[in-house]
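Trainee: The structure is given below, and queries will be raised subsequently.
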Amino acid sequence: MKTLLLTLLVVTIVCLDLGYTLECHNQQSSQAPTTTGCSGGETNCYKKSWRDHRGYRIERGCGCPSVKKGIEINCCTTDRCNN
């Protein structure tokens, strides 16, 4: 009986994927693509873009931060969706 309960617990953990971590791109502007695993149960990736004296800038990462006027932000919820 204990073996059956332990087996059911393991199957439940595997099926629910309790250890899932969202993966987001985190490269800046025109750098080569890189990714990072988000921490703290983060459920969003973002891509923030703006223009300044250096030209068109892009920032990517985990979360969905608030931005100032003139900065465009796109937030999404699937792995590597912010490229």
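Using the three backbone atoms N, Cα and C, a Cβ is placed for every residue, glycine included.
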Trainee: Of the candidates C15, C45, C62, which does Swiss-Prot name as forming a disulfide with C38?
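Mentor: The record-listed partner cysteine is C62.
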Trainee: Check Swiss-Prot and name the cysteine among C15, C45 that pairs with C24 in a disulfide.
Mentor: C45
Trainee: Between C-alpha atoms, which of these disulfide-bonded residues comes nearest to C76 (disulfide bond): C24, C38, C45, C62?
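Mentor: Checking each of C24, C38, C45, C62 against C76 (disulfide bond), the shortest Cα distance is to C45.
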Trainee: Considering Cα atoms only, can you say which of C38, C45, C62, C81 is the nearest neighbour of C75 (disulfide bond) among these disulfide-bonded residues?
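Mentor: Given the candidates C38, C45, C62, C81, the nearest one is C45.
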Trainee: Just checking the disulfide-bonded residues C24, C45, C64, C81: which sit within 10 A of C38 (disulfide bond), CA to CA?
Mentor: C24, C45
Trainee: Using a 10 Å radius around each Cβ and all protein chains in view, which of these disulfide-bonded residues has the most neighbours: C62, C76?
Mentor: C62
